[in-house]
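Shown next, in C-alpha cells, is the structure this report addresses.
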Amino acid sequence: MSTSIKAIKESLEAVTSLSDPLFQELATDARLGVQKALKSRQKAIQADLAEEERLEAMLSYEKALYKEGYQAIAGIDEVGRGPLAGPVVAACVILPQHCKIKGLNDSKKIPKSKHETIYQAVKEKALAIGIGIIDNQLIDEVNIYEATKLAMLEAIKQLEGQLTQPDYLLIDAMTLDIAISQQSILKGDANSLSIAAASIVAKVTRDQMMANYDRIFPGYGFAKNAGYGTKEHLQGLKAYGITPIHRKSFEPVKSMCCDSTNP
C-alpha cells in the first residue's frame, strides 16, 4: 500500500535540502498530488536558500567589523523626512552577532502586512534598541536635515543604561558628531541588516504615532498616508486647515500659514 499524500506532505515539510534523497524517491510517484507537493517543497527550499543568501550579503559590513574586533554594532536609520506632518523618527538597533531575521529588509521593501511581525522579531532578538523622536516644531526651527541628526543622536542616547553599548555605528547616509566610530552607508537600509532593523523599528514606531494622530485630527488620512502629501491629505488641508502637527516650513503648509483666509 502506497504512502498517503498527506503523510508525504508531512515528510516533505521536514526536508531542508534540495539534495535530500526523498525528492529522487518521490520523482517516480505518478500521483498528481505528490508531484504538486514535491514541486511546492522544492520551490519553498529554493526561496529559503535565496533568503539566506540575501541576509548573508546584508551582513557583509557587520562581519568585516567583527573581524576588526568590534563587538556591538548599532544600525541607525530614520523615517519621516518627507511628510508634511508629524515627527521624524530615528532608531538605533544592536543585533546579536551574525543574527538573521527572515524577511528583514529596507522597511520600504517590506509589505505593510509584514511590518508588525518583523518589528516584533527585531524587538525580541535585539540586544538594545533606542528611539529618537523630533517633533514638527523643532523640524521647523532647525530644518529637516538637522532634525534627522538630532533624532539619530537621541536614539543613541536612549541606549544609555542598557546592558549593551555600541562600539561602532552603521548609519544610513549620514555622519554624526559623536565620539563613536562610524560609517555612513548610502542606501544602508538595503545593504546592512543592522540598519534595516533600525529602519523597521523607526517605521512602525512612526506609523503608530500617525495612526494615533489620525484619531485626534480626522480628515487628513494620517493613518494611511503617515503625513505624506497625498490627495486625501491635501484635500484635508484645504477643508480643515493646518493642525498643530503640520510642518510650517514645508510647502504647501508654509504658504497656507501666510494666507490670512486659512481657517
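Glycine is treated like the rest: Cβ placed from N, Cα and C.
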Among Asp140, Asp167, Asp172, Asp177, indicate the single residue that Swiss-Prot lists for the divalent metal cation site containing Asp77, Glu78. Asp172
Go through Asp77, Glu78, Asp172, our binding-site residues, and report the one whose Cβ sees the most other Cβ atoms within 10 Å. Asp77
